[in-house]
Every structure is written in structure tokens, then in C-alpha cells.
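**Q** Following this message is one structure expressed as C-alpha cells.
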Amino acid sequence: MQIQTAAIVKQIVSSLFAAVASMLLKIVSDLDFNQTLYLRAFIGLILLASATIYYKLQVYNFDKQTMDSLINRGIIGGFGAFIYFKGLNLVLVSESILLNRMSPLWTSIIYIIVLKKEQFNRRLLINMTLSGLGIFLIAKNNNQTQITVDSYYHWIGIILILVASITQAIVNILVKSVNKQVDSIVITLYQAFFAINLPVINSLFDGTNFKIPSFNGTFMIAIASVISLLAGILQVQSMREGKLSVVSNVSQIQLFFGYLIDFFVFSAKFNQEQIIGNILLLCSLIPLIWK
């Protein structure tokens, strides 16, 4: 029971860090998104590699199943993050929120129904119902501008973000198959390695001109990289330690943290339904935590 509670707490802190990292990257507006992703992943890779050397962690020469899980998780995770950002400009804000936050649902469906590793219970059902209603109210009332792409590209954007949410679910599940002896830092290192390659390859095809970032931009990306790493490591630890279907649904709280940041940092205004949606997100944690 204490292990499960610790896993939930780690996921909540991870969600907070992820929301803060997104805020910092949002402030960086002078770089192409490929370059922002590349620099973030590159800084993260250096820090993770340094950590493995400092703590003398084993990085390779694992058994075949473990190596396959690490590599597959890295490739799928990097690909999922990449296509999410590619599809972001093709859909409405509300659509991106709803589709992206379906990841915990896919995780639960695959892990419980398909793989039969866990079981549905009343607490999880209440959590998913409350969080689903909360996300719907938030997305339904999100301030959004009319997208400028035609319906064909709009549907491509929807498919990209939907596939990205499914890949995140697969990444969550794969972490359970990694040998317990593999440190969480090493697991995150593999994903950071593959996260570098896709933005670079895309830049070659798009003809992106890499610019030298300003000092403030570099500082923001560096801080965001550190916070993202902490978020990623804590998430991996929580997924490995707790029940996957429970911990993945706790991650919905990131949306609430994002709205707190929008309110206090960017002075955003919210209507009554959005406030109710965030309250429902908070309440959705009660069935999972309160015993």
C-alpha cells in the first residue's frame, strides 16, 4: 500500500514538472520547433549520460529481452512525441487536449482488457469518469482560433495526435517489461537518444535553418530540459512501482497544473465550466488515494 501511494505521489510531482517544462518551452518563441526539440533532447542526453557515468550505471550488455524493451520504448516514445508536435498545428486546441489525454485510457484498455495484467475496479472507474468529464469541460470551453488548414490536413492532424496518445500508452506498458535491475535513468537515457534523431531528420527534409538561440532562449531550454528529465525519471519510477492503470490515470492532473500556470503566470481567464472541469480533475484523484 505504501509503495502504491509513493508511486502516485511521484506521478503527481512528475506531472507538475512536465507542466512547468511546457511553460518554459512556450516562452521560447524565437526557434523552430524542430530545433527546440533537438536542443532539449541533446541537453537531456548529455545530462543523463553524465549521470550514468557518475553513478556507474550499466547502460548496455543486458539480456536480449531487456535490450529490446529499452530500444523499442525509446523508438516508440521518440516517435510519439515527434508526431504529436507535428499534428499540433493542424488541429484545434480542444481536440489536441482531448486526444492527447486519452493516453491513460489506452493504457488501461491495453493493460487490463488485452494483456489482462490488472483488473478494473470501482475506484478506477470513478476516477476515469470524473477525469473524463473534467477534460471534456476544459476542452469544450478552451479559447481557440479557427485553424487555417483544409479538412484533409485537419484529419491528418487528428490522426497524428491520436496515434501519439496510443504510442504513449505503449511506452507506459513497455516500462513494465524492463528488468527491475535497469535504473530509471538508463531507461530515460534510451528515450532521449532516439528523441534527438527525429527532429534532425525532419529538419533535413523540411530544409529548416538552425538558428543560434539567444541567451534567454538557451537558458529556458536548459532549465526545461532538466525539469523534463526529472519528470521523465519520476514517471518511469511511478510506472514501475505502482499499478499501471492507476498511475497512468493520475497523470491527468498535469492538465490542472497547466491551468494553474496559465492563471498565475500568463494571467489567463477561465469560465465557470473550465473551473468545474479542473475541480473534477482534482476530485478524480480521491478514489485512488483515499482508502
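Cβ atoms are placed via backbone N, Cα and C, with glycine included.
Predicted automatically and left uncurated, TrEMBL annotations should be read as such.
Among the features that TrEMBL reports, domain 'EamA' is placed at 12-138, 155-286. Annotation comment: TrEMBL describes 37-55, 75-99, 120-140, 152-175, 187-205, 217-234, 246-268 as transmembrane segment.
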**Q** Using a Cβ cut-off under 8 Å, which residues of the same chain at least 6 positions beyond either end of the transmembrane segment (152-175) come close to it?
**A** 69, 72-73, 76-77, 79-81, 83-84, 86-91, 95-96, 99-104, 106-107, 110-111, 115, 187, 191, 236, 239-240, 244, 248
**Q** Should anything in the same chain at least six residues away from the transmembrane segment (246-268) have a Cβ under 8 Å from its Cβ atoms, list it; otherwise answer none.
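**A** Contacts with the transmembrane segment (246-268): 4, 7-8, 11-12, 14-16, 18-20, 22-23, 97, 101, 103-104, 107-108, 124, 127-128, 131, 134-135, 138, 169, 172, 235, 238-239, 274, 278, 281-282, 284-285, 288.
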**Q** Using a Cβ-Cβ cut-off of under 8 Å, list the residues of the same chain that are 6+ residues beyond the ends of the transmembrane segment (120-140) and lie near it.
**A** 93-95, 97-98, 101, 104-105, 108, 112, 245-246, 249, 252, 255, 259, 273-274, 276-281, 283-285, 287-288
**Q** Where does the mean pLDDT land for the domain 'EamA' (155-286)?
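**A** That region's mean pLDDT is 86.
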